[in-house]
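Student: The structure follows.
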Amino acid sequence: GDPLKVKVNKLTSIKTQLPYSYYSLPFCTPEKIVDSAENLGEVLRGDRIENSPYAFTMQEPQLCTVLCRIMIDAKTAKQFKEKIDDEYRVNMILDNLPLVVPIKRLDQASNTVYQLGYHIGLKGQYAGNKEEKYFIHNHLAFTVKYHRDLQTGSSRIVGFEVKPYSIKHEYEGKWSEKTRLTTCDPHMKRMVVNSNTPLEVEVNKEIIFSYDVEYQESDVKWASRWDSYLLMSDDQIHWFSIVNSLMIVLFLTGMVAMIMLRTLYRDISKYNELETQEEALEETGWKLVHGDVFRPPSNSDLLCVYVGTGVQFLGMVLVTMIFAVLGFLSPSNRGGLMTAMLLLWVSMGIFAGYASTNLYKMFKGAEWKKIAAKTAFMFPAIVFVIFFVLNALIWGQKSSGAVPFGTMFALVFLWFGISVPLVIVGGYVGFKKPAMEDPVKTNKIPRQIPEQAWYMNPIFSILIGGILPFGAVFIELFFILTSIWLNQFYYMFGFLFLVFIILLITCAEITIVLCYFQLCSEDYKWWWRSYLTSGSSGLYLFLYAAFYFFTKLEITKLVSGLLYFGYMLIASYAFFVLTGTIGFYACFCFTRLIYSSLKID
């Protein structure tokens, strides 16, 4: 007998990716519309959670409850038709569970797939008529599933489902609050079970909204009520992707081990013996460039900034993953993942400052404040500009996905109030620490780089380097893109963590292998090359996003397309910075290791 609060969330569409608030369409409204408090992540996703006129009472079924009656004018009709055209769905929430429409799969006997939210309406034709009409779902048959606790006798809600129908309601006489419908009358045993007499969206006609509620006891315990939402995809493909990635890793590990053992061992022992004249003449390869290998690169400041930003990302991704694997960020905590990532990004600023100034000091730099400031501003500023432009576009569409001014201010505060000071502090500490000593002395005069073979061309080797790290993650990437753009839940954090570890190893190893080949052909400019080699997987990520856009998404609107590519550009840029940093540090450790084992007089 307790009242249940049904809340309405945004209207969403896979076709436009622009969310709208529920009451942007003239649905039935409660006496006073109350906004629920939303966290940072929810606001950024465009969730707008408000109360609704639906009144449920626990375990008291209702039949044919009339919600309200509205008259359609030309403007309303146009609004409804546009939203039906773009396949918008209504999202509702009961006891923190999203509303789903169960859809029976024809190919599998037992399987029911759940679609988040019900479609506002649909397009169709009458038999023998070519003209497309728009029909609205005005009768909702809700099913609330509950689990009864035998000890206490109380019940908890474990499911919230709906079947939407379109029906042209009829009644006798004039419409008043107490009018009984003839098309749906529990006393006459008349129920709505199909949409055989659908309700068309026409100007100057009425729409009567009605609903049923039935209660079903369920065996699903409250703790596992989210399982049916999350167990949508089969695990096999994820295992396949991990095995596929592990093959790449094993292959690369083998190569790295071979280089390390055979070449280095032989090279170092040979180099350290007093070799004969002929051997000395034949001596080519990485040892010849020992006097140049630690010469600071051109644009070394920028490299320091990028490495710092990458460290910040790495920290954020690792900690977020660990939290997610431990189950702190389940989808039932709406917006939790987004909020956690933002806060972690901000707090990891201290490591970014430390990494960039320490590297800068190794390059014999003196102005650490400049580097720390660049690290604090460069990446966030670029992202912020893209984000701001996209937000302006969404605003122009009057969508609820536009970030309100207050939230924008909160983001700027997080950046300037927390992130920037932390980067500066980290920078100060990093610059105070003694810089690493180079294992070999750098010559005064740089030596000439001999002409390189075509396959050692920087652009070619950089593009080759990005393929393998991308190859290791791209199957998992498909699921992540699907969950973001096709409105499904993503909950494979265990798999994601494994894939991420594999990504780290792949980036490190491919960079080491290519770096070694580069040094062997007497090209000692490895600093930037090592960063770009694994970082180029960001480029492949963007190309894959474009491929995904044209093959899987049905986006037709220009704004929605710009939105998709804008966000994917930010994601690819972040991926570039993350993978590039991993590659850089791997190569950095590798060169220090091999050159410190040489005895050079």
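Numbers here mean position along the shown chain, with the first residue as 1.
Placement of Cβ uses the backbone N, Cα and C atoms for every residue, glycine included.
Note that this is a predicted model, so its numbers are computed, not measured.
According to TrEMBL, the protein carries these features:
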type	residues	note
TRANSMEM	237-261	transmembrane segment
TRANSMEM	303-329	transmembrane segment
TRANSMEM	335-355	transmembrane segment
TRANSMEM	376-396	transmembrane segment
TRANSMEM	408-431	transmembrane segment
TRANSMEM	452-485	transmembrane segment
TRANSMEM	491-519	transmembrane segment
TRANSMEM	531-550	transmembrane segment
TRANSMEM	562-595	transmembrane segment
Student: Residues sitting near the transmembrane segment (491-519): Cβ under 8 Å, six or more positions beyond its termini, same chain?
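Tutor: Counting only partners 6 or more residues beyond its ends, the transmembrane segment (491-519) has Cβ contacts under 8 Å with 230, 233, 238, 241-242, 245-246, 248-249, 252-253, 255-256, 259, 263, 285-286, 289, 293, 317-318, 321-322, 324-325, 329-331, 456, 461, 464-465, 468-469, 472-473, 476, 479-480, 526, 529-530, 533-534, 537, 579, 582-587, 590-591.
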Student: Excluding the flanking five residues on each side, which residues at least 6 beyond the ends of the transmembrane segment (562-595) place their CB within less than 8 Å of a CB in that stretch?
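Tutor: Same-chain residues near the transmembrane segment (562-595) but 6 or more away: 17-18, 264, 268, 286, 290, 293-294, 303, 306-307, 309-311, 313-314, 317, 379, 382-383, 386-387, 389-390, 393-394, 436, 439-440, 465-466, 469, 485, 503-504, 507-512, 515-516, 519, 526-527, 530-539, 541-542, 545-546, 549, 553, 555.
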Student: What stretch of 237-261, 303-329, 376-396, 408-431 shows the most Cβ pairs under 8 Å to the transmembrane segment (531-550)?
Tutor: 303-329
Student: Under an 8 Å Cβ to Cβ limit, what residues of the same chain, 6 or more beyond the ends of the transmembrane segment (408-431), are close to it?
Tutor: 40, 308, 342-343, 345-347, 349-358, 360-361, 368-369, 371-373, 375-377, 380, 384, 391
Student: So which residues does the transmembrane segment (452-485) touch in its own chain, when a touch means Cβ under 8 Å and the partner is 6 or more beyond its ends?
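Tutor: For the transmembrane segment (452-485), the nonlocal Cβ contacts are 14, 17, 233, 237-238, 240-241, 244-245, 248-249, 252, 492, 495-496, 499-500, 502-503, 506-507, 510-511, 514, 517-518, 521, 523, 529, 532-541, 544-545, 548, 552-553, 564, 579, 583.
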Student: Could you tell me what the rest of the chain brings near the transmembrane segment (303-329), counting residues at least six beyond its ends with Cβ under 8 Å?
Tutor: 297, 336-337, 340-341, 344-345, 348-349, 351-357, 359-360, 363, 365, 371, 374-375, 378-379, 423, 493-494, 496-497, 500, 527-528, 531, 574, 577-578, 580-582, 584-585
